[in-house]
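The disulfide bond annotation in Swiss-Prot covers 141-309, 215-248, 264-277, 327-417, 347-408, 441-463, 453-475 and rests on similarity to another entry. The feature repeat '5' is assigned by Swiss-Prot to 499-502. Taken from Swiss-Prot, the feature repeat '7' covers 507-510. What Swiss-Prot lists as topological domain 'Extracellular' is 42-570, and the listing cites sequence analysis.
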């Protein structure tokens, strides 16, 4: 290999090594940053598994013994203190722009609406836990306004807060009573219901600060003991708090839904069945009165539900997703169910009872439940679905500008922001119909966030009067658009293209034009010229003198002069006529001579029959003067036909 080529290859190899070294250093720095970021994670972020959610976003799956699996969005990752003790900004770009994830007050308010995370169980029917082979109510948030509608005959009380039936009522079909635990303390005090004032007195100042927290703790602390075996059960029963009577109920029946003619009756039909049908409902009468919850609401901190759960509706706001610098509200296009709603209350009830809401309702029940009522409560071993809190649990109530109708749009996506809309309301299947305002922002420190310019309209999120406000402004201008500078692209070198050699163009060969065939022209019959007759001059007529010519007088002399003049004119006229006749004779002679010399066309050559029985010798025979041709040929022909005697005799 030449020395110059080896030198070029060596330089190229050296350049490649330098590039690889730079890439290696960059990779080490990236890996180091990743390790440091992992080391900064809080203890709550340990033992996590990354999965893909329904909305195709990465989410962290938290697991523990005390709570079912819940999903935590990656874009709401908790911040950790850096080496300087300051709160670090989130690493996800979308989180940097979303104030509902970056600002502490707004982020804490937004987290409570992540129902799979904060509740983790069914809402319409909550049977998300299993204990000792029994299905157990396990949600971590109270459900406001939830009641159980009984379908007993008209003579029954139809109140699910009545005492549950005992063995004394087993003969009645359907069974009377409700779901309340009828146990009694040895002191004679009823186990349920119990006044909140008594709970507050017994628990003291160290107890929960909220009535719901105290009721939940009462149910959580209950231990069922079988008196015959002294077996202690760890099964936890649900509770209901009545805010009007301020009473706490502990239910002995965990079932919340029973339907179908195979299992239950409605108003006694069909007859003979043990159970009357029942189902969960939210009614306006119970909206502010009843709160249904599991005993696990009190696990850990009995008052945590107050700040951790979506207990109320949000006024003048809609749930949405943060996209491109703005909160895009959920509407009919992103909903799973969207219909007109006449009022807000209707939308609040609809989001709780829609068929896609989070529910742990069984689909089948044991057949033995119709024969022995003790086998029914509360085991449903035939089917035991667990929703984990996932479902269509959110609804937006708003006025649709296009149709002028109020719409209730229900959706199953976890929202991550609120879009401020005057007159709108954001509901959840867990919360009450009570409306609360969005948290306040700081107008002095909040930096407006501008969304993208779409169709010449840009959405700007601002803090006006300590409240979030989204306004639209025109964003299209007419500036000079400077295209991005691109490196010049050299056109590929193409070999010169030689022009194609065209073959010589030959003129088109025209077919020979045949002359038109003219019909034979018969020669005109030439008549022999006739000699013009020359008039002989007449002698002048000499008139005798009239009488008196011999006498004198001027008169006779004048008459003589006139006569002489008239004789001269006559001679001139006669000479002119004679000259014309001579000229005509010459012309006729020339014409006759011309036709004598012209050959006859072969097609017109006279035959023997046409020439009187002889062959014509030449064209001159026609032009021979009649005095020669007629007499000579006539004589010859006469001799050949009749003989000379006949001619002589004829003439």
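Keep in mind that glycine also has a Cβ here, set from the backbone N, Cα and C atoms.
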Pull the DSSP breakdown for the repeat '5' (499-502) and write it out as helix, strand, coil residue counts. 0 helix, 0 strand, 4 coil
What same-chain residues, at least 6 away in sequence, bring their CB to under 8 Å of the CB of residue 327 (disulfide bond)? 98, 100, 320, 321, 417, 418, 419, 461, 470
Rounded mean pLDDT within the topological domain 'Extracellular' (42-570) lands at 78
Alpha-carbon distance [residue 463 (disulfide bond); residue 215 (disulfide bond)] in Å: 40
Non-local residues, at least 6 beyond the ends, that sit with Cβ under 8 Å of the repeat '5' (499-502): none
Of the disulfide-bonded residues 264, 277, 347, 408, 475, which sits closest to residue 141 (disulfide bond) by Cα distance? 347
How many Å lie between the Cα of residue 264 (disulfide bond) and the Cα of residue 309 (disulfide bond)? 35
Between residue 453 (disulfide bond) and residue 248 (disulfide bond), the C-alpha gap once rounded to whole angstrom: 55
Residues with Cβ closer than 8 Å to the Cβ of residue 475 (disulfide bond), same chain and 6+ apart in sequence? 453, 456, 457, 458
